[in-house]
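*Asks:* Structure in structure tokens, see below.
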């Protein structure tokens, strides 16, 4: 392989994949703008949901920005003549950073699920600082891998970068993708346990005929939010889970039909920024404000 600072053009065959990635992520930008508009109009909703829907939406968006910008950059420079040249080191740095940020978005959902588990099951309310701390704790191995690549990695051929630096260790795919799978499973488990707990509590309340035996507004809100967050996490499991499986198989030389890989990658891109809507639409105030925003109705 060439030296890491040698210059090479991007593979022109990747142009359509870059276009697909940008196009499929674009609808999510509309969702983010709509939620931002709602939260600007209803500041009390920001305060109420800042540790759930707000953190999930804008945390996920900020982590998706690098890969969105990288694909936009490739769309611009790949058709250029003479071809745009980039070094193996710079291209690998950008791509590894995009992978670290994109994959660490799973840690956002997991951190929210863990803190809500503590809140709902153990009745201990935590703050934003705790949420951020749990996120960085879960994401730390991914960013550590990003750093270690440039000390322990070697370069090889790649579809995006002409040559790509990665750690050539046989167990790396299992360890890396296994860790991502663990984060996703923990998220699903916490969300399922929370929903089961709240449903059980609701059944207990329904056995009482007095007004005091009915669920409070806050409890109903927690129930609806739990349903939304579970739908969101299951969506991640189905879309990104299949992508992780295909990437694991590819790492060990097991081929996957190109059409199937394209479908799963497209669904993953679409769901990247649309996922927070799955949580928001189950919450009545968000549904009402979304309808108002879409229909441009006066409040």
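Every residue, even glycine, has its Cβ placed from backbone N, Cα and C.
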*Asks:* Looking at 3-21, 22-40, which one is transmembrane segment according to TrEMBL?
*Replies:* 22-40
*Asks:* Does the transmembrane segment (52-80) come close to the transmembrane segment (225-252), meaning at least 3 CB pairs under 8 Å for residues 6 or more apart?
*Replies:* yes
*Asks:* Mind checking which residues reach the transmembrane segment (22-40)? Cβ under 8 Å, same chain, six or more beyond either end.
*Replies:* 46, 53-54, 57-58, 61, 64, 68, 71-72, 75, 266, 269-270, 272-274, 276-277, 280, 286, 289-290, 293-294
*Asks:* Sequence-remote contacts (6 or more beyond its ends) of the transmembrane segment (174-196), Cβ cut-off under 8 Å?
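*Replies:* Residues packing against the transmembrane segment (174-196) from afar: 103, 106-107, 109-110, 113-114, 116-117, 120-121, 138, 141-142, 145, 223, 226-227, 229-230, 233-234, 236-237, 240-241, 244, 247-248, 251.
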*Asks:* Averaged over the domain 'G-protein coupled receptors family 1 profile' (31-279), what pLDDT does the prediction give?
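*Replies:* Across the domain 'G-protein coupled receptors family 1 profile' (31-279), the average pLDDT comes out at 84.
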*Asks:* Using a Cβ cut-off under 8 Å, which residues of the same chain at least 6 positions beyond either end of the transmembrane segment (100-119) come close to it?
*Replies:* 51-52, 55-56, 59-60, 63-64, 66-67, 125-126, 130-131, 134-135, 138-139, 142-143, 145-146, 180, 183-184, 186-187, 190-191, 193-194, 226, 229, 232-233, 236, 240, 272
